[in-house]
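In TrEMBL this protein carries:
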type	residues	note
ACT_SITE	104	active site, proton acceptor
BINDING	9-28, 86-89, 170-172, 213	NAD(+) binding site
BINDING	53, 56	substrate binding site
DOMAIN	1-226	domain 'Deacetylase sirtuin-type'
Ligand code: APR
């Protein structure tokens with residue numbers, strides 16, 4: 001089976017009602033990254049940060065996968081598919097994708113605030129102040145903040161280097177190290193980009209599909225399955 005590596009960003013979940021970060025009306029239009037998505041923010045005001053991610057979790061639990069998530073799951077019929085996602089939602093899994101690598105964590109789990117590798121399932125939508133990990137520290141959302149290490153990046157780079165086909169969907173490629181992953185894909189490998197606003201990527205054999213995910217991804221998957 002040919003190995004397909006898919007790298008997704010916020011754009012694939014936009015039509016499920018989850019805001020992207022950098023589009024106009026994106027999440028970072030209403031918030032300062034420094035206030036909610038850094039270790040310093042957590043030190044300064046843990047309640048605010050906890051509440052911000054509790055709200056994100058609530059939105060994710062209320063959202064459902066869209067045609068793009070389902071099309072990628074269908075691609076597994078004929079290909080060995082691994083999805084590397086920057087998204088903290090679980091919509092790929094809910095649509096039926098079996099191999100999903102979460103580069104930036106997953107909002108449906110909590111994490112120790114002193115040891116990032118300690119993560120736990122969450123009962124309901126909220127992490128409450130006072131809920132602690134096994135080491136006695138406050139639980140926080142299992143997400144990678146700006147300034148924190150990205151533990152899955154080496155796994156992701158290795159996967160990209162082994163791709164027979166590469167698909168990039170709904171990401172502005174503004175945030176490193178994730179944005180650099182496309183450089184690990186061998187130059188001769190065909191790379192599709194599905195995004196109404198095609199990001200700049202310096203690699204060869206790029207096929208641009210300037211469509212929204214729910215249009216472009218099913219179209220591409222149909223082509224790949226014939
Ligand atoms: N279908 C496909 N792509 C879309 C759609 C859509 N319906 N709507 C918007 N997009 C595209 C935009 O054109 C843009 O290229 O999705 C991309 C969203 O970019 P960002 O908001 O920058 O999101 P992303 O690239 O996932 O951000 C990366 O930054 O804030 C951090 O940790 C956060 O994982 C996130 C990372």
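Cβ from N, Cα, C; glycine included.
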Checklist outcome for this item: Between the C-alpha atoms of residue 86 (NAD(+) binding site) and residue 104 (active site, proton acceptor), the distance in angstrom, to the nearest integer, is 5
Checklist entry - Looking only at 9, 17, 170, the binding-site residues on record, which one has the least crowded Cβ, with the fewest other Cβ atoms within 10 Å? => result 17
Checklist outcome for this item: Using a 10 Å radius on the Cβ of residue 56 (substrate binding site), the other Cβ atoms enclosed count 20
Checklist entry - DSSP three-state call for residue 53 (substrate binding site): helix, strand or coil? => result helix
Next on the checklist: Of the recorded positions 53, 56, 104, which one has its Cα closest to the Cα of residue 17 (NAD(+) binding site)?
Outcome noted: 56
Checklist outcome for this item: Check: min Cα-Cα distance from residue 25 (NAD(+) binding site) over recorded positions 53, 56, 104 goes to 56
Checklist entry - Under a three-state reduction of DSSP output, how is residue 13 (NAD(+) binding site) classified: helix, strand, or coil? => result helix
Item to check | Site with most surrounding Cβ atoms, counting all protein chains shown within 10 Å, from the binding-site residues 13, 86 | outcome: 13
Checklist outcome for this item: One should report the C-alpha separation between residue 21 (NAD(+) binding site) and the residue listed as 'active site, proton acceptor', rounded to whole angstrom, as 14
Checklist entry - Among the binding-site residues 17, 21, 53, 86, which have a Cβ atom lying under 6 Å from any atom of ligand 1? => result 21, 86
